[in-house]
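Asks: Pasting the relevant annotations from TrEMBL:
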type	residues	note
TRANSMEM	45-68	transmembrane segment
TRANSMEM	89-109	transmembrane segment
TRANSMEM	213-234	transmembrane segment
TRANSMEM	241-262	transmembrane segment
TRANSMEM	389-410	transmembrane segment
Amino acid sequence: MPAARVEYIAPWWVVWLHSVPHLGLRLQRVDSTFNPREESYQESLLLLGLVAAVCLGLNLIFLVVYLVCVCCCRQDDTVQTKQRNSCCVTWMAVVAGLVCCAAVGVGFYGNSETNDGVHQLIYSLDNANHTFSGIDDLVSRTTQKMKVDLEQHLDRLSEIFATRGDYIQTLKFVQQMASSVIAQLSRVPVWRDVTAQLTELADQTSYVEYYRWLSYLLLFVLDLIICLIACLGLAKHSKCLLALMLCCGMLALLLSWTSLAADSAAAVGTSDFCVAPDTFILNITEGQLSTEVTRYYLYCSQSVSSPFQQALTSFQRSLTTMQIQVVGLLQFAVPHFPTAEKDLLRIQLLLNSTESSLHQLTALLDCRGLHKDYLDALGGVCYDGIEGLLYLGLFSLLAALAFSTMICAGPRAWKHFTTRDRDYEDIDDDDPFNPQARRIAAHNPPRGQLHSFCSYSSGLGSQTSLQPPAQTISNAPVSEYMNQAMLFGGNPRYENTPLIGRGSPPPTYSPSMRATYLSVADEHLWPYRNELPA
């Protein structure tokens, strides 16, 4: 059987992360061997988080400079400039939204991978704890049987066989074998402390992982909500939604860089462990377990013999000898001492159950089961766990890029909204060309009929003959706009055009339209000037 150790090979990303320079806070070189209890090693991981903090500072400086430039820059309010700015803001928002959605997708995958790796680690720790607990339980029960139960039966048999010295010698020999079994069991290490440490590690890991997974899930939801707010703000031209998006985007930017710092430190530290996990385990178990026992479970190969083989063999030999002696007493002593049969049968059952426990103990002490749990734990941490952390780091970078783009697009959109609202404020509220007035008119109830005093009768020549005709003016801005637009098309019919009588031009957005209107109005009003002196 080949060595089982070849089943674990550190993946390339572990080697790559382990090669990241480890520097202290004073920028001195630090040993990259995984040693979380050493202060210099802790400083090297802390420095990785500080690098992310520096990147956050540079990002904020860039955003501040960009926002100042955008706010201080003045552009010509031409139609082409407005269209170009609007298009630029739209494309920036689209790109930022797509990048944010891609980042959330990558983050979901990375969060799931990390969670799977951690749960595999916890599952392996629970299996190892179950094995260790089983070993301690079997050793404790077997020792109890040899010390208490067997001693009670031997004492009663000693009283029964008091007149037979040969039977007494047999009982003493059985008692010596029982003491030998107890001595062999004492060579099996007690795993109580190891079990307590692994249980605490599993509980702490499960607790931290739950809140880590939940925190990232909430961060993903927050990012998607910010993207939705940005889309609604741009679609509805809402300054409130835009301001909310800018505030939440800044918060998400800070959280993204913070998560990147945590992921970077965790990935590098875990990679340092995964490069040489055996060395770290040998160091932390020194003083608690013998190096021989630790190596046996870490490497589990044919070249490494079991440290319990001799003890188990002596245990089996002593147990077999005791069974032979008890069978002999049943055959030769019971016919002369019938009262001894019950105790001898009880001893025989006890030895049979002890033999069964011996087989179970041999299976539990075998390295293959615990070594498999060890490899599963390494696979969960070093493969799925670190891979998930890398994807989470990529999510943080993409999210930081997306929200930086949103924050850059925010002032441009705000400036565009402000210019648009200022253009509408310069227009009369009653102006039918005003889009806001059209929107208001569409929601207001119909007004009462209005009379125009500015229409002229073609058959009357005096001002006193003017009668205000009763005509209904439609509230529909499109209809009035069409009636007035016919004036510029040369149509001589001017029904429902009260602005002509007032001599005031219609609201316009172009000086050329105003000049055209005044010239046409003078031309049509010229025949009536003699009839209607001022």
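Placed from the backbone N, Cα and C atoms, the Cβ positions cover glycine too.
Just tell me what is around each of these and how deep it sits.
Replies: For the transmembrane segment (213-234), the list of distant contacts is 89-90, 93, 96-97, 100-101, 103-104, 107-108, 111, 114-115, 240-242, 244-245, 248-249, 251-252, 255, 259, 392, 399, 402-403, 406, 413: same-chain residues at least six beyond its ends, Cβ to Cβ under 8 Å.
If you look at the transmembrane segment (389-410), the same-chain residues 6 or more away from its ends with a CB under 8 A from one of its CBs are 13, 59, 62-63, 66-67, 70, 89, 92-93, 95-97, 99-100, 102-104, 106-107, 109-111, 113-114, 216, 223, 226-227, 230, 242, 245-246, 249-250, 252-253, 256-257, 259-260, 263-264, 266-267, 270.
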Asks: Using Cβ atoms and a strict cutoff of less than 8 Å, what residues sit near the transmembrane segment (89-109) while being 6 or more residues removed from its termini?
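Replies: That would be 216, 219-220, 223-224, 226-227, 230-231, 234, 388, 391-392, 394-395, 398-399, 401-403, 405-406, 408-409, 412-413, 416.
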